[in-house]
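These notes are about the structure you will find just below.
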Amino acid sequence: MNWLERDQNSIWHPFTQLLNGFEHIMVEKAEGMYLHTPDGRKIMDAISSWWVNLHGHSHPKIAEAVAKQASNLEHVIFAGFTHSPAIELAEKLLSILPKNQSKIFYSDNGSTANEVALKMAFQYWYNKGEKKRKKVIAFEGAYHGDTFGAMSVGDRGPFSAPFSPYLFEVEFLPMPTAENHSELLNKFEKILHLGEVAAFIFEPLVLGSAGMKMYDASFLDQLIEMAQKVDVICIADEVFTGFGRTAKNFASDYLNHKPDILCLSKGLTGGTMALGVTSCTEAIMEAYKSTDIMKTFFHGHSFTANPIACAASIASFDLLVNEDTQSKIQEIGEWQTEFYHKISQHPKVQNARVLGTIFAMELKTESDTSYVNEVRHKLYPFFLERDILLRPLGNVIYILPPYIIKKEEIEKVYNAVEEMLETL
Ligand SMILES: *Cc1c(COP(=O)(O)O)cnc(C)c1O
């Protein structure tokens, strides 16, 4: 049997239809911008492998940190014990997180970071003896992960339809647009006014999975201000937007009113290992300081604060705050903005947008913009045939490179997009 057959015989891949045996591409090595296949192809990873990779694949500094950690302390139970990679990483993260953030809670991935945030917020009110606050506010189309709590506060669409009877109730607001501000503010005010809201959860400035939909920082600022006035806990899901994607360390850095809780993952380890972080303010912590055992936060995973993942994160952090990386992030932002200006008026393009290193545009088609838009089935292979990995969300094409992409490499991606517009 060849690799392909063995893969099909033994593995169930995520987000993949099982009928007709989808042919997965074998990757035997990855380095910098490129995925290498056994038949000698070099595919450029222009979406940072599902938005996780910051510094290129198999980065020597991260690899070295992982190897060193693995041979010294691979893992230890994190209840009753601690270790320096966890402490060092927590201190580093707190040094760049919004100043109101005071503690780091570790988990395994983006979904668990959001589960922890929601549970932290719910139990905050439970510990305070506040029984009325059960509601959560979230944005329509949001994506916070694939576990049940995360699904509950996310888009009620095709992905979550089979599970809808099992998801808890959420008040959904439309994503802010230039047109709906006053309507949205009214609705928000009305829900807040009931005094039953525990938390407001949002992807700050960019709804990633919804198709890189972007909205205004000043408007989100206003919503957070209103929510915090009535003590609603504001949760920023920065799993995607964190670590420079928006040209600042965090999307929350664009806000004057800082969230109470932040969720991080994806770029946290530079895209090397699975790790999640939920940070919170001192005020959230306070509600858990008690001799009453029932006020303990009973949440933890076997691999909480895995030392190897923390070591990868520390190495990635040091690369991220390096001046060269910081100026590269700005440079990528400039290239993306130039391309945005070049392409936005193209007759087949609508709603082109850019924020920091994130560029997105919609291909005009007969059907609506959505994940299930059929044109995706032409776009994905079109770019792959040119050895470029872009993974359009329906008819939304986005470019999200690691922070090491060279000018001539991103130009190759831009040229392919332009070629697609002329030929498809
Ligand atoms: C990817 C993503 C998640 C889920 O993270 P996983 O590590 O895939 O569980 C949550 N929130 C946002 C905004 C994301 O983009």
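For all residues, glycine too, the Cβ spot is worked out from N, Cα and C.
The annotation substrate binding site is assigned in TrEMBL to TRP50, TYR143, LYS266, GLY300, ARG391. In the three-state DSSP classification, TRP50 (substrate binding site) falls within a helix.
The annotation pyridoxal 5'-phosphate binding site is assigned in TrEMBL to GLY110, SER111, ASP237, HIS301, SER302. Mapped onto three states, the DSSP output places SER111 (pyridoxal 5'-phosphate binding site) in helix. With a 10 A radius on its CB, SER111 (pyridoxal 5'-phosphate binding site) counts 23 other CB atoms from all the protein chains.
Within 10 Å of the C-beta of LYS266 (substrate binding site) there are 28 other C-beta atoms, taking all protein chains into account. According to DSSP, LYS266 (substrate binding site) is assigned to a helical segment. According to TrEMBL, the feature N6-(pyridoxal phosphate)lysine maps to LYS266.
Ligand 1 lies within reach of GLY110, SER111 from the binding-site residues GLY110, SER111, HIS301, SER302, judged by a C-beta closer than 6 angstroms to any of its atoms. In three-state terms derived from DSSP, ASP237 (pyridoxal 5'-phosphate binding site) belongs to an extended strand segment. Other C-beta atoms found within 10 angstroms of the C-beta of TYR143 (substrate binding site) number 24, with every protein chain shown included.
For the pair SER302 (pyridoxal 5'-phosphate binding site) and TRP50 (substrate binding site), the Cα-Cα distance reads 25 Å.
Of the listed binding-site residues, namely HIS301, ARG391, the sparsest CB environment within 10 A is found at HIS301. There are 9 other Cβ atoms within 10 Å of the Cβ belonging to SER302 (pyridoxal 5'-phosphate binding site).
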